[in-house]
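Student: The following block contains the structure, expressed as structure tokens.
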Amino acid sequence: MAIQSDSLSSLPDSPRIVAPQPVSPNEESIERALRPKALEEYVGQQRAREQLEIFIAAARKRGEALDHVLLFGPPGLGKTTLAHIIAHEMGVQLRQTSGPVLERPGDLAALLTNLERNDVLFIDEIHRLSPVVEEILYPALEDFQIDILIGEGPAARSVKLDLQPFTLVGATTRAGMLTNPLRDRFGIVSRLEFYNTDELARIVTRSASLLNADITADGAHEVARRSRGTPRIANRLLRRVRDYAQVKSHGVIDQDAAGRALAMLDVDPQGLDVMDRKLLEAIVHKFDGGPVGVDSLAAAIGEERDTIEDVIEPYLIQHGYLQRTPRGRTATLTTWRHLGLTPPAAASGGTGELFSK
């Protein structure tokens with residue numbers, strides 16, 4: 001059973017269908033319904049899954065709390081799901097919150113003092129904990145104790161409270177922003193990687209079954225290959241493709257129906273959407289492939305600088321469509337090919353690694 005305190009995510013102002021973050025509160029509730037409950041149901045992340053199977057089995061045999069767990073990686077890959085699975089496999093409750101919600105030491109103390117033996121406390125966006133709250137967390141993680149201040153002024157005194165043994169599961173998309181003292185207190189650290197197409201197809205097939213949607217193997221594969229390696233995106237695209245199939249394809253999601261539905265949604269075979277293509281086309285057509293500064297690029301496409309840096313660019317850089325250089329953003333040969341264009345002779349002939357395969 002999970003006990004959740006406050007909303008765990010700040011929703012984007014302009015949701016994209018290929019956004020890796022949740023785009024609505026309703027989507028979060030659907031995710032909970034589709035979430036696997038046990039490690040044997042969890043698809044992908046083989047290394048992390050195998051490690052957790054061993055560590056959980058050992059902790060249960062000893063009757064101890066699992067060591068503290070840090071999960072990091074891009075959004076939408078299953079960090080929250082793994083936290084729930086850990087609690088389920090340990091047979092304990094999960095209490096769920098997020099770094100920005102814990103504004104004062106008392107907020108964290110209230111959670112910690114209400115934990116039962118071996119419970120799991122899940123803190124999403126743990127890199128956003130305030131320093132004063134983080135200080136309270138250190139003795140709780142090491143010694144299962146916290147110090148609280150009673151009274152005010154000269155009469156104030158510190159009281160040490162014992163806590164039940166518990167497991168902290170921290171999740172972050174920015175492991176580099178964690179302080180060293182906090183990072184060092186996690187005994188189990190797992191990085192979640194993007195999923196391959198076969199793994200996503202298995203997830204899509206499972207989700208379709210739970211949604212009572214009729215899907216073929218090639219239909220699941222078509223949804224999977226456009227999902228940018230991210231289960232959250234795969235499940236979102238599946239729901240939209242299901243709607244299309246019910247109206248246009250007699251309810252059956254095959255490769256043709258999935259392809260037509262995703263084309264209607266402007267998600268191309270590589271998973272790029274309108275915003276991705278708008279940025280790449282601006283670099284190629286307006287700036288001759290770059291380099292171009294991010295402020296000039298923002299003005300050219302009518303988007304905020306932060307939107308480009310935080311929302312659009314990461315996927316394009318990770319998958320080789322775009323490079324950041326000291327002089328600005330530059331389109332790679334992959335971009336020119338994707339847009340069906342021939343790169344300038346100077347670009348294709350003398351740019352070294354930018355245009356090498």
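Note: Cβ is positioned from N, Cα and C throughout, glycine not excepted.
Source: prediction; values computed, not measured.
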Student: Need a hand: Swiss-Prot gives L34, R35, G76, K79, T80, T81, E142, D143, F144, Y195, R232 for ATP, which of R47, R185, R240, R242 is also on that list?
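Tutor: Of the residues offered, the record points to R185.
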Student: Compare the Cα of R324 (DNA binding site) against each of the binding-site residues L34, G76, T80, F144 and report the nearest.
Tutor: G76
Student: Could you work out which of the binding-site residues (F144, Y195) has its C-beta surrounded by the smallest number of other C-beta atoms within 10 A?
Tutor: F144
Student: Between R329 (DNA binding site) and G76 (ATP binding site), what is the CA-CA distance rounded to a whole number of Å?
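Tutor: Taking the Cα atoms only, R329 (DNA binding site) lies 26 Å from G76 (ATP binding site).
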Student: Rounded to a whole number, how many Å is the Cα of T80 (ATP binding site) away from the Cα of R305 (DNA binding site)?
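Tutor: Taking the Cα atoms only, T80 (ATP binding site) lies 29 Å from R305 (DNA binding site).
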Student: Give me the Cα-Cα distance between R305 (DNA binding site) and L34 (ATP binding site), rounded to a whole Å.
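Tutor: Here the two Cα atoms are 35 Å apart.
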